[in-house]
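Engineer: The signal peptide annotation in Swiss-Prot covers 1-32 and rests on sequence analysis. Feature annotation from Swiss-Prot assigns disulfide bond to 42-75, 55-63, 64-157, 104-129, 151-167. The N-linked glycosylation site annotation in Swiss-Prot covers 59.
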């Protein structure tokens, strides 16, 4: 039968190394818990007040409502070899629901082109401009698409953004050609996907 003194000795053996690890700061803690980055999340950076306007609802776009508050983000979830995202539908054509010309090129793109816009954090100040990403759908289909624009998570509800709210922080906004190549139903408006840099 264990004694009280024996129990105290056992607690000391277990607790002291843990306490030493915690007291030696973040560097030691990262060795004790190497998956700490998985706990980091992208938090909202603020909000904007909605303003309605001439919103093109061609692809089921959500239009801003006067006075409503919309969350903004300056970040996106961490990029991995298979980053989870929500694919939304967007026309990059002139007069389409995409608003202004593509940020990367200053051009519009016909709906037959496989192009995408990425949420602000993934767009990363334009570092992915004119680069291809590989998109994988749950049905097993994949497509390579060119990054041409930012799906802005920091602003919205204005003419440049088709009077739509700021993008969520986990969006890959794909052209109709991307949806067709993936064999997805455009009437759904959004789909769960994964993507990776090529």
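Residue positions begin at 1 at the first shown residue.
Cβ atoms here come from the backbone N, Cα and C positions, even for glycine.
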Engineer: Would you mind sorting out which of 42, 75, 104, 129, 151 (the disulfide-bonded residues) have a C-alpha within 10 A of the one on residue 64 (disulfide bond)?
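Structural biologist: Matched disulfide-bonded residues: none.
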Engineer: Tell me, in order along the sequence, which disulfide-bonded residues from 75, 104, 129, 151 have their CA within 10 Å of residue 55 (disulfide bond).
Structural biologist: none
Engineer: List only the single closest residue to residue 157 (disulfide bond), chosen from the disulfide-bonded residues 104, 151, 167 by CA-CA distance.
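Structural biologist: Among 104, 151, 167, 167.
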Engineer: In sequence order, what residues of the same chain, 6+ apart, have a Cβ less than 8 Å from the Cβ of residue 151 (disulfide bond)?
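Structural biologist: In sequence order, the residues whose Cβ lies under 8 Å from that of residue 151 (disulfide bond) (at least 6 apart) are 88, 90, 117, 118, 119, 120, 123, 167, 171, 172, 173.
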Engineer: Please report the number of other Cβ atoms within 10 Å of the Cβ of residue 55 (disulfide bond).
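Structural biologist: A count of 18.
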Engineer: If one looks at the chain holding residue 104 (disulfide bond), which residues at least 6 apart in sequence have a CB under 8 angstroms from its CB?
Structural biologist: 126, 129, 130, 147, 148, 149
